[in-house]
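Features reported for this protein in Swiss-Prot:
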COMPBIAS  13-22  compositional bias 'Gly residues'
CARBOHYD  Asn210  N-linked glycosylation site
REGION    11-34  region 'Disordered'
TOPO_DOM  3-42  topological domain 'Cytoplasmic'
TOPO_DOM  62-80  topological domain 'Lumenal'
TOPO_DOM  99-108  topological domain 'Cytoplasmic'
TOPO_DOM  127-131  topological domain 'Lumenal'
TOPO_DOM  148-170  topological domain 'Cytoplasmic'
TOPO_DOM  189-218  topological domain 'Lumenal'
TOPO_DOM  237-255  topological domain 'Cytoplasmic'
TRANSMEM  43-61  transmembrane segment
TRANSMEM  81-98  transmembrane segment
TRANSMEM  109-126  transmembrane segment
TRANSMEM  132-147  transmembrane segment
TRANSMEM  171-188  transmembrane segment
TRANSMEM  219-236  transmembrane segment
Amino acid sequence: MAAAAAATAAAKGNGGGGGRAGAGDASGTRKKKGPGPLATAYLVIYNVVMTAGWLVIAVGLVRAYLAKGSYHSLYYSIEKPLKFFQTGALLEILHCAIGIVPSSVVLTSFQVMSRVFLIWAVTHSVKEVQSEDSVLLFVIAWTITEIIRYSFYTFSLLNHLPYLIKWARYTLFIVLYPMGVSGELLTIYAALPFVRQAGLYSISLPNKYNFSFDYYAFLILIMISYIPIFPQLYFHMIHQRRKILSHTEEHKKFE
């Protein structure tokens with residue numbers, strides 16, 4: 001669900017309602033009141049740091065590939081910064097909760113927690129999947145997406161958004177979104193036999209709480225949930241792309 005959740009930011013006309021870390025209406029169709037000066041300064045710093053963090057991950061991947069001459073098991077070269085910066089996105093829930101970013105707390109929580117779940121409850125917890133190529137697949141998709149997304153928010157907050165970044169934000173998802181979803185699904189699928197064998201995070205009866213939980217079945221349900229969500233969200237994003245970029249082109253004609 002991580003790519004699907006993160007992509008909802010782009011599906012709304014302004015990349016998440018100005019939301020997850022940005023401000024303003026990226027479509028340019030109407031102006032929204034942004035955060036105050038102090039909040040804006042903080043958000044700019046936050047987005048710059050997050051952009052830099054994902055750039056560190058990108059550079060780490062490239063350096064590891066050049067050193068090894070292979071793309072296998074590159075996850076280990078960027079494991080720590082990936083965990084740090086993806087977990088750092090939890091601050092975006094706080095941004096919404098205190099009102100400095102005009103996005104839904106519930107939607108933002110879903111977006112952020114789905115990725116944190118995949119990082120910690122799947123990839124970190126099931127060591128055997130960390131060398132899978134599918135992990136690299138979603139890591140690359142996330143990395144490119146986040147560099148663009150945080151750059152987009154930074155320039156939007158500064159009221160100086162280059163068209164190239166706007167175009168990249170509303171175009172590259174066409175490839176990155178399916179790529180990320182594929183990596184996520186394959187990683188969860190690869191984790192299933194190990195989760196079942198170890199009984200990871202599962203609670204069986206009898207116990208004093210009279211409660212049971214099957215983590216293996218839970219992961220299967222998560223995978224099934226991609227079926228209705230992915231196509232609906234993907235085509236909605238395509239529709240939003242046409243609307244937003246066509247508006248930009250029309251605006252340029254009148255300048």
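Cβ atoms here come from the backbone N, Cα and C positions, even for glycine.
With DSSP classes pooled into helix, strand and coil, the tally for the topological domain 'Lumenal' (127-131) is 3 helix, 0 strand, 2 coil. Remote same-chain partners of the transmembrane segment (43-61), defined as residues 6 or more beyond its termini with a Cβ less than 8 Å from a stretch Cβ, comprise 21-23, 35, 74, 77-78, 81-82, 84-85, 88-89, 91, 95, 100-101, 136, 139-140, 143-144, 146-147, 150-151, 153-154, 157-158.
Annotation: stretch 171-188 has the most Cβ pairs under 8 Å to the transmembrane segment (219-236), among 81-98, 109-126, 171-188.
Beyond the ends of the topological domain 'Lumenal' (62-80), by six or more residues, the same chain brings 123, 130-131, 133, 135-136, 139 to within a C-beta distance below 8 angstroms of the stretch.
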